[in-house]
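What TrEMBL says about this one:
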type: TRANSMEM; residues: A:26-45; note: transmembrane segment
type: DOMAIN; residues: A:61-108; note: domain 'NADH-Ubiquinone oxidoreductase (complex I) chain 5 N-terminal'
type: TRANSMEM; residues: A:106-124; note: transmembrane segment
type: DOMAIN; residues: A:124-409; note: domain 'NADH:quinone oxidoreductase/Mrp antiporter transmembrane'
type: TRANSMEM; residues: A:131-149; note: transmembrane segment
type: TRANSMEM; residues: A:161-183; note: transmembrane segment
type: TRANSMEM; residues: A:204-228; note: transmembrane segment
type: TRANSMEM; residues: A:240-259; note: transmembrane segment
type: TRANSMEM; residues: A:271-290; note: transmembrane segment
type: TRANSMEM; residues: A:296-315; note: transmembrane segment
type: TRANSMEM; residues: A:563-581; note: transmembrane segment
type: TRANSMEM; residues: A:601-619; note: transmembrane segment
type: DOMAIN; residues: A:608-673; note: domain 'MrpA C-terminal/MbhD'
type: DOMAIN; residues: A:683-762; note: domain 'MrpA C-terminal/MbhE'
type: TRANSMEM; residues: A:688-708; note: transmembrane segment
type: TRANSMEM; residues: A:743-761; note: transmembrane segment
């Protein structure tokens, strides 16, 4: 599976070039890529269905608990199949849909990365690895949502999605690390038997909270739902993918994945049950007033995501079955409908439902596809959506004691879904052909094939559910619930309460649809306080962060070098002096000068020169004088190094001092006339800072020498330099051999600093030109 | 600065200082010196040349764009880790080959690494120097 993912990433990386090479013929390549992956997963179906997960493990960074370990069980396979099947439709569709986009080539790189990352999420067995892929889906969706980066709204939507899911990702990482510390392992499969250990641990509530925040942000559950409708700024194929098989389903996957391991407690079940139910009904209500095709679909996705989370929260056998069927059904019809919305937008030029109508004659295939998918979404027999809804109602009815409330919510939410389908799947095609849409015509074959096949599979799955998904359901339920369901999936359950509820849902939906023109103006008049909207909170938090950053920057970087220096010195000095003070209090050291202090004449002279140079520097009334005294000062320090046997350091010091003087001379000519700009109070302050830094350094040196800590390092380097590093110059051997990695880091920093200098100077010349 | 003596002598000094910097680099493993000091001396050589002959002339003599040299230095330093990776050893473990030639003796990846440091330091110093000086003339 590692090979599969690596190959997939590689193909994604080169697909922009292939696109430029093939142009119109890219359609074939675009479809072949995900279909190959799909075939690879289909081949593994028999083994997974027999109940034996496919495993793979490569060592990566074992000391961190990070290994490239993968597991393909029922749950993973279900997602992998959806990701690649819908991926194939989306790729095929996009290679025609995006033909007129300027940067279409990049798109295929991004979406390939998106698909591969999602596959990585569902295949990874190591939590940290899963997290890596998880973040990759966030990053690639950021690139995709912001694909039309010329538009500010596009960019801010992309940023919103990235910040919300990214913040959730950090919470998730914290939760995973906690979970890892509790279980002593990062392999998800190894948690399987640890439910009791995890749920009884004192960190359990924190783990649940952190992991759920991660999952809820990703799957856009209330109150993090607001980023998803805005993500509609992405091109339609992306929306189709994002909503049906990737990204938002990652959170659902995560909850299902951990359901057995950390679930079963009231905390886990109730949290997801109530969050899911809230999202379900809230999104249903919000969808009612939308008029944009894609936003309508977006809110209905939110509602379904809520339903899925709620079903996991119910957690009974029947609920898991409903979860599973509903998941597949939703993926199929939602991808189809988004692609249909894209086609309408593409061919008719608008996505406003008020402006669409009577397109059946012009676009018959699209219309049939849309209606087929809509029936599945409404839950009409004999499509898979019908089975999904029946099972959902049955599972909700079983819940004690909240069943009655939840069933009302579920029926209401489903009725809103019916309204959405009537608006998206029927209304654009029915009625008389409109004159303003006379130009609309059927889409090319490549844009029709994908959605049609997806809609058709919804029908096939509905007619023969046991044949297509029965085994997968069994294998998945082992992953989610740890036991086999042993329930057959059937299309027809007979005349009962659930069937009656299905009729009620449809009737209510149709009624809501016809009342919509009456109700909408009244909704428009309602004003909700801004405090109730999570998106307002987001905006405020973002703006506040920027204000804080601006304030901090103008305080720390006010443009005066002396402020920078003071900040740097003080922020190092204050904590370090505290440490020194504590060590003194604890009797760590006594400032005692060595008994046999002997100062030679050279040393005394040198000290005098340095002191004189410093005094001259402070008193100097011209820059040239200051530079000369700086030079004297530097060379004096260099000579100290020679006397005390550090020729290497001395050599470097001399070279640096020489270059320093040259640099100063260079800038000297362009500086304004030398004036004494500092006030006495400022000088006093600077003097105090300088003096305390000096005193601190002296004390530190005295402490280090008085303690005489037994460090084996000095002896080790001295001993091993020649035999181990083949060099007699210990300093150099340390730099380039023993601690070469440190040096590599340092020179990298230097290189980045050089780039910074380059950028700053370029900026200035740019201004003058 | 227009000084005929300095200008003439800088031509010879440039070559000599460059040789000296390479000498520092090569002996660094056993005696004081090394890539950092060597790179600084090499940069100082060009600084001298530029003081004597102007920045354009110094740029022309140096021939490379300093940032390219910085990147090359980083690349060489990174490349010195390749033998250890390919050999399946710890990252950046020194690999030595005994050439058997009297003066050169053992050659190893730490020397290559040091050469990377040399290039990087040279490039950065010249970048800053040329940038400041170039602006001065503009």
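Cβ coordinates come from backbone N, Cα and C, glycine included.
In TrEMBL, annotation is done automatically, which means it is predicted and not curated.
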Same-chain residues at least 6 beyond the ends of the transmembrane segment (A:240-259) with a Cβ under 8 Å from one of its Cβ atoms are 75, 79, 82-83, 85-87, 89-90, 93, 111, 114-115, 118, 121-122, 134, 137-138, 141, 144-145, 165, 172, 188, 211-212, 214-221, 228, 231, 234, 268, 272, 297-298, 301, 305, 308-309, 312, 315, 323, 327, 330-332, 334-335, 338-339, 342, 479-481
Could you check whether the transmembrane segment (A:296-315) and the transmembrane segment (A:204-228) come into contact, where contact means at least 3 Cβ pairs under 8 Å with the two residues of each pair 6 or more apart in sequence?
yes
DSSP tally for the domain 'MrpA C-terminal/MbhD' (A:608-673), helix/strand/coil in that order, comes to 55 helix, 0 strand, 11 coil
Most Cβ pairs under 8 Å to the domain 'MrpA C-terminal/MbhD' (A:608-673), of A:61-108, A:124-409, A:683-762, goes to A:683-762
Residue counts for the domain 'NADH-Ubiquinone oxidoreductase (complex I) chain 5 N-terminal' (A:61-108) under DSSP, helix then strand then coil, are 32 helix, 8 strand, 8 coil
Contact call for the transmembrane segment (A:688-708) against the transmembrane segment (A:563-581), three or more Cβ pairs under 8 Å: yes
Per the Cβ filter (under 8 Å) with a sequence gap of at least 6 from its ends, the transmembrane segment (A:563-581) is approached by 556-557, 685-686, 689, 692-693, 696, 699-700, 703
